[in-house]
Amino acid sequence: DFPLYTGIRIAFACAENLFFSGAIYGWPTFEYVLIQNGYFSHLCPNVTNVTSLMTCTESKEMLNLVFTSATSVMVMVAPFGGYIFDRFGTWLFRSIATMFLTLGVIFLAASTPETPNLLFPGAISLAIGGLHLLISNLQLGNPAGGGRATVITLVNGSFDSGTLFFLIVKLAYDSGTSLCVILSIYAACSVFPWVKTYTLMPRDSFQYPMKDTDVKFGIYELKAISCSKTPKTQDNDVIGDMDEPDEQNKSLLKCLLTPIFWTSLIYTLLLHLRVIFFLGSFVDWLQAFEPVGNISNLTNIFGILLCLGLFVGPINGIITDTVTSYNLNRGKSVAKSKWRGLFASTFSTTLLAVGFSIATALHNTIGTFILFILTRSFLYSSISSFIATAFPSRHLGKLYGISMALAGVFGFSTYGIFSLANPYDPKFIVTNYVMIAMVSVTVVHSVLIFVKSRA
């Protein structure tokens, strides 16, 4: 049973992720609106109408570059944010993140078809702020006890559903509301993360396992600190989650040098690239086999399905917790049970990614949409669950940040693949088959986890 405030924190964290943290992943829907408004249309001298804009390669390449830059820079700076989170605590970390989020929305609202370059700082700032708010919310699984993985994946799932905001933008724009007005209202609403930071989040962080069930947070913690002669300091001796002596006191360097961390990087890099490439080339992929008149409706359908991450993400956590509990009940050790739960999480994600890539290559629109939603939600849920479970919680921010940073550097290749595929493989036929082989490699991570679970 969750304490009342734990439930409230989780509910508000999900709301924050829905409308702020994961907004950048709604880019395919937002891109359609930007094309309709004529962003980067100056690169297409022969454009005469909106229909022509939908087929202008130069403008779409620039919009793809905006998205690629935002998602790549977002994760490249994650290690610095992770260090600030682990070292200085939640309040300072979230204050910086919310500042980036607010600045990002202001830049987007100020951009016009005449000043499209403002999209770059806007999208980058929005993405940086959003990811770091997510990192701050991952700790909410720590007070949840046996439901830890489920809560973590629920938070991740709501982050995936952050595409809801740009879907609302598109629907409001289609109804006649100015894009500038919509984004200006959104900027004003960004006060919500500020309020949440100082009312529902701890000054330091929730460690795992929890040593004190009566955790103070927000203004209550501030009051407790002001009345105490010995302020609370963050406990850096809290152990990890595997209940093994060697695992409990691992240094950051030792965590980084373990083989399983490197296979997790391969898993993260390749699957993240697959997800980002599909989002960045979504409109072009549809245009390869769908009539232009269908693209708007299909974009709306895809945007609605993207919002289902809130419900899909927790499935991965439920699988992890269920398999773990099943093995514990069979008399397996805590460590082996945890590893088997992680195996179920990562292996199912790889299978979904392969299925999604096959559906994409076959131009199965609905199948691709459904499998993509499952793959993306499972991917980021499994990454955060793995790091939170396999390593000491005091390294969560740093290890998650490093993984995302390397994924961001690798993700820059999305623009190169897109630019190369456009003239030589415009229907992404060869590209998609290469992607099938690429995501299949990620099974290596699951194999190593399985071997570890039997050691």
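The backbone N, Cα and C atoms fix where each Cβ goes, and this holds for glycine too.
Straight from TrEMBL, the features:
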TRANSMEM  62-85  transmembrane segment
TRANSMEM  92-112  transmembrane segment
TRANSMEM  118-138  transmembrane segment
TRANSMEM  150-169  transmembrane segment
TRANSMEM  175-195  transmembrane segment
TRANSMEM  260-281  transmembrane segment
TRANSMEM  301-320  transmembrane segment
TRANSMEM  341-363  transmembrane segment
TRANSMEM  369-392  transmembrane segment
TRANSMEM  399-418  transmembrane segment
TRANSMEM  430-451  transmembrane segment
Can at least 3 Cβ pairs under 8 A be found between the transmembrane segment (341-363) and the transmembrane segment (260-281), with each pair 6 or more apart in sequence?
-> yes
Any chance you could find the range in 118-138, 175-195, 301-320, 399-418 with the most Cβ pairs under 8 Å to the transmembrane segment (150-169)?
-> 301-320
Interface-richest range of 175-195, 260-281, 369-392 toward the transmembrane segment (62-85), CB pairs under 8 Å | 260-281
If one takes Cβ-Cβ under 8 Å and requires six or more residues beyond its ends, the residues near the transmembrane segment (260-281) are 25, 27-28, 64, 67-68, 71, 75, 346, 349-350, 353, 356-357, 360, 372, 375-376, 379, 383, 386-387, 390-391, 399, 403-404, 406-407, 410-411, 413-415, 417-418, 421, 428, 435, 438-439, 441-442, 444-445, 448-449, 452
Which bits of the chain, at least 6 residues beyond where the transmembrane segment (118-138) starts or stops, bring a Cβ under 8 A of a Cβ in it?
-> 13, 16-17, 20-24, 27, 34, 39, 63, 66-67, 69-71, 73-75, 77-78, 81-82, 85, 90, 93-94, 96-108, 110-112, 152, 155-156, 159, 162, 193, 201, 384, 388, 396-397, 400-401, 404
